[in-house]
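Per Swiss-Prot, the features are:
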DISULFID  CYS96-CYS174  disulfide bond
CARBOHYD  ASN3  N-linked glycosylation site
CARBOHYD  ASN184  N-linked glycosylation site
TOPO_DOM  1-26  topological domain 'Extracellular'
TOPO_DOM  48-59  topological domain 'Cytoplasmic'
TOPO_DOM  81-97  topological domain 'Extracellular'
TOPO_DOM  119-139  topological domain 'Cytoplasmic'
TOPO_DOM  161-188  topological domain 'Extracellular'
TOPO_DOM  210-287  topological domain 'Cytoplasmic'
TOPO_DOM  309-322  topological domain 'Extracellular'
TOPO_DOM  344-373  topological domain 'Cytoplasmic'
TRANSMEM  27-47  transmembrane segment
TRANSMEM  60-80  transmembrane segment
TRANSMEM  98-118  transmembrane segment
TRANSMEM  140-160  transmembrane segment
TRANSMEM  189-209  transmembrane segment
TRANSMEM  288-308  transmembrane segment
TRANSMEM  323-343  transmembrane segment
Amino acid sequence: MANTTGEPEEVSGALSPPSASAYVKLVLLGLIMCVSLAGNAILSLLVLKERALHKAPYYFLLDLCLADGIRSAVCFPFVLASVRHGSSWTFSALSCKIVAFMAVLFCFHAAFMLFCISVTRYMAIAHHRFYAKRMTLWTCAAVICMAWTLSVAMAFPPVFDVGTYKFIREEDQCIFEHRYFKANDTLGFMLMLAVLMAATHAVYGKLLLFEYRHRKMKPVQMVPAISQNWTFHGPGATGQAAANWIAGFGRGPMPPTLLGIRQNGHAASRRLLGMDEVKGEKQLGRMFYAITLLFLLLWSPYIVACYWRVFVKACAVPHRYLATAVWMSFAQAAVNPIVCFLLNKDLKKCLRTHAPCWGTGGAPAPREPYCVM
């Protein structure tokens, strides 16, 4: 099933011509590399250059793009070389461990980062004032550093043969050697990845329930005015009684202060949240959930194959299924820029600004009424 010699396979003699399946693998992985490097580079430059994108969600997106770009530039060329040499590793055992460490590092980093993003998306919708006050540049840097630290903690132990990194011939890459769970320690790593994915979708599910319960604004409740002598004061008063008294048409004492007109300090200091701002946060939430869902869909076949190896000892994973699952996990590094440019209007507008041949964006939409969140 996997290479169990303990050392990467070396190629001796002349290279044999690649088969048809090898050509397909080379073409697909080359296309994935080009799309990933170009798309992530363009997206990263836009976020760095445009001041309008210097916000917490785009800082997290920048981190994801840089990680995917580095993964494509560092890990994928070794896979191309192994496919070109007949599914064999032509480099040293140490380089195999380094490449495997980086591949696992970027996988767990994406999972941890997507979970943190889901939490911030929930905070942005459900507790917007707290989110706007606390989610500063330094907070974003702390979240990103935490995600990288946890990823290193997950990817580093196999370097010391705790769940061994080896070249897997069927996958054409250096990665975890998944064997029967009684003979290996990789089950814990796979469970951690599955728990992260489940927790991320649970947070988005909670966000969806929150939006469903708050899909309509509460109706205005009219409070009746209070009167004992036809002065009509209180929360429901309009001030007409006081105006009549000043004009000389009233009798008796001056009407009391209109308590309902005056706002307390806490209500007056509440920040008004524009409807366009609410729509922007929801748009970002949809974009990041699409990224999360694609991460799950593209990695799920490979995760199923890993669990198959861990729990099923008698039957090996079909070769075509495993090859398809591995290349789907590679494709995940290229889909984020495509999703972002399709679902994010701000990114498309910035891209049109820096690409005059695509035309300029239309006139900005008129500002909509405000609502208090």
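Yeah, the Cβs are placed from backbone N, Cα and C, and that goes for glycine too.
Non-local neighbours of the transmembrane segment (27-47) in the same chain are 53-54, 58-59, 61-62, 65-66, 68-69, 71-73, 76-77, 79-80, 83, 327, 330-331, 333-334, 336-338, 340-341, 347, 350-351, 354; each lies 6+ residues outside the stretch with a CB under 8 Å from one of its CB atoms.
Tallying C-beta pairs under 8 angstroms between the transmembrane segment (323-343) and each of 60-80, 140-160, 189-209, 288-308 places 288-308 first. Among residues of the same chain six or more beyond the transmembrane segment (140-160), those with a C-beta under 8 A of the stretch's C-beta atoms are 56, 59-60, 63, 97, 100-102, 104-106, 108-109, 112-113, 116, 120, 176, 186, 189, 192. Residue counts of the topological domain 'Extracellular' (81-97) by helix, strand and coil are 9 helix, 0 strand, 8 coil (DSSP-based). Mean per-residue pLDDT, taken over the topological domain 'Cytoplasmic' (119-139), amounts to 90.
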